[in-house]
Amino acid sequence: MAKEPVRVLVTGAAGNQEPILVKEESVVGIPTPLLKLKSWQWWVLVSVNIFFLIGGQAASVLLGRFYYDEGGNSKWMATLVQTAAFPILYIPLLLLPSSASVESSESSCSLKYIVLIYVLLGVIIAGDNMLYSVGLLYLSASTYSLICATQLAFNAVFSYFINAQKFTALILNSVVLLSFSAALIALNDDADTPSGVSRSKYIVGFVCTLAASALYSLLLSLMQFSFEKILKRETFSVVLEMQIYTSLVATCVSVIGLFASGEWRTLHGEMEGYHKGQASYVLTLVWTAVTWQVCSVGVVGLIFLVTSLFSNVISTLSLAVTPLAALVVFRDKMSGVKIMAMLIAIWGFASYVYQNHIDDLKVRQARQQAQAGRVEPPC
């Protein structure tokens with residue numbers, strides 16, 4: 001009889017229990033070589049995935065802003081490139097050894113339900129990407145990133161209602177601070193906007209970006225709900241498959257939108273009129289698509305190596321890096337209000353992380369006490 005794998009549950013910042021990878025323990029669906037990693041090797045992998053996530057997200061936002069600045073104007077094309085390079089994710093998926101455990105998970109959940117989940121989530125992703133594209137069209141890269149940081153606050157709210165997670169004082173503090181940060185950006189009369197963008201379009205961009213952040217957080221909660229209640233497993237292969245097939249659906253929706261809106265007719269003229277030339281136009285779109293998938297690899301990798309909560313927190317941290325990168329690349333204006341908003345957002349982020357740290361310590365201490373109790377001989 002096979003030994004039952006050990007699953008260590010770590011309580012996240014919002015009270016949610018999630019599996020965390022521990023080197024010495026056997027976890028369902030995780031390749032054996034990974035379990036044999038030494039501590040420094042595990043940290044190297046975590047660091048590489050953090051770099052992929054932060055670097056990929058910052059680069060994709062900057063390239064998206066560059067596309068608009070240099071003459072690009074197709075919102076559906078900007079939406080399409082956010083998921084179009086999803087075949088890259090087949091590389092790590094194909095490297096995973098096939099196992100009976102994966103097959104049993106598929107048989108435990110009807111194929112039609114899995115397809116329905118992927119289609120619904122894919123459509124939501126496409127709509128979310130469109131909102132992000134509109135937001136980036138009317139906002140500077142730094143302002144856009146600061147508003148996107150509110151996704152952590154929305155995530156706490158949706159997790160409370162959908163995933164039954166706790167709402168602690170520190171989490172509430174984080175939600176309030178991130179809300180204040182977004183409000184400062186919204187009320188900033190000295191807001192820097194791309195050339196030709198009116199105040200009304202700035203407001204549209206703000207609302208679309210805020211709505212996109214909320215929708216993205218809802219998407220994360222729905223994915224977590226799908227893993228826990230329907231798929232009933234969260235292994236690397238299952239997470240990666242969801243990322244691939246939802247991106248496939250989102251890409252199809254974006255292509256349909258591109259043709260249905262008639263924007264495809266303007267693409268040739270857009271490429272010819274691109275300020276940096278036609279080659280630069282193609283390379284900008286290609287590298288935007290690639291960097292978004294590099295970001296996705298980082299997200300999935302951190303879910304695999306640590307937890308989905310940690311992956312989301314690092315994703316939010318990367319949004320604080322983008323304004324600094326935009327300051328260097330695009331010379332974005334950093335007004336006093338924007339600096340204050342960024343500091344408040346970092347404070348809210350730190351509050352969220354600290355709550356996660358406290359909960360993590362409690363679970364680790366409880367686990368150590370339980371292990372010590374099993375080892376000690378009876379008196």
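Heads up, the Cβ atoms here are built off N, Cα and C, so glycines get one too.
Residues annotated as transmembrane segment in Swiss-Prot: 43-63, 76-96, 114-134, 144-164, 167-187, 203-223, 239-259, 294-313, 314-330, 334-354.
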Check your understanding: Where among 43-63, 203-223, 239-259 do we find the most Cβ pairs under 8 Å to the transmembrane segment (294-313)?
Key -> 43-63
Point to revise | Outside the transmembrane segment (203-223), six or more residues from its ends: residues with CB under 8 Å to it | key: 121, 124-125, 127-129, 131-132, 134-139, 144, 147-152, 154-155, 157-159, 162-163, 182, 185-186, 197, 242, 308, 312
Point to revise | Stretch with greatest number of CB pairs under 8 Å, the transmembrane segment (334-354) reference, 76-96, 114-134, 144-164, 239-259 candidates | key: 144-164
Study note, to complete from the structure: Same-chain residues at least 6 beyond the ends of the transmembrane segment (114-134) with a Cβ under 8 Å from one of its Cβ atoms are 64, 75-76, 78-79, 82-83, 106, 204-205, 208-209, 211-212, 215-216, 218-219, 222-223, 226, 230-231, 242, 245-254, 257
Exercise for review: Given the cut-off of 8 Å on Cβ pairs that are 6 or more apart in sequence, determine whether the transmembrane segment (76-96) and the transmembrane segment (167-187) share at least 3 such pairs.
Suggested key: no
Point to revise | Non-local residues, at least 6 beyond the ends, that sit with Cβ under 8 Å of the transmembrane segment (239-259) | key: 74, 76-77, 79-80, 82-84, 86, 89-90, 92-93, 96, 117-119, 121-123, 125-126, 129-130, 223, 226-227, 296, 299-300, 303-304
Review point. Counting only residues 6+ away from its ends, which parts of the chain sit with a Cβ under 8 Å from the transmembrane segment (167-187)?
Key: 13-15, 143, 146-147, 149-150, 152-153, 156-157, 160, 203, 206, 210, 337-338, 340-342, 344-345, 347-349, 351-352, 354-355, 358
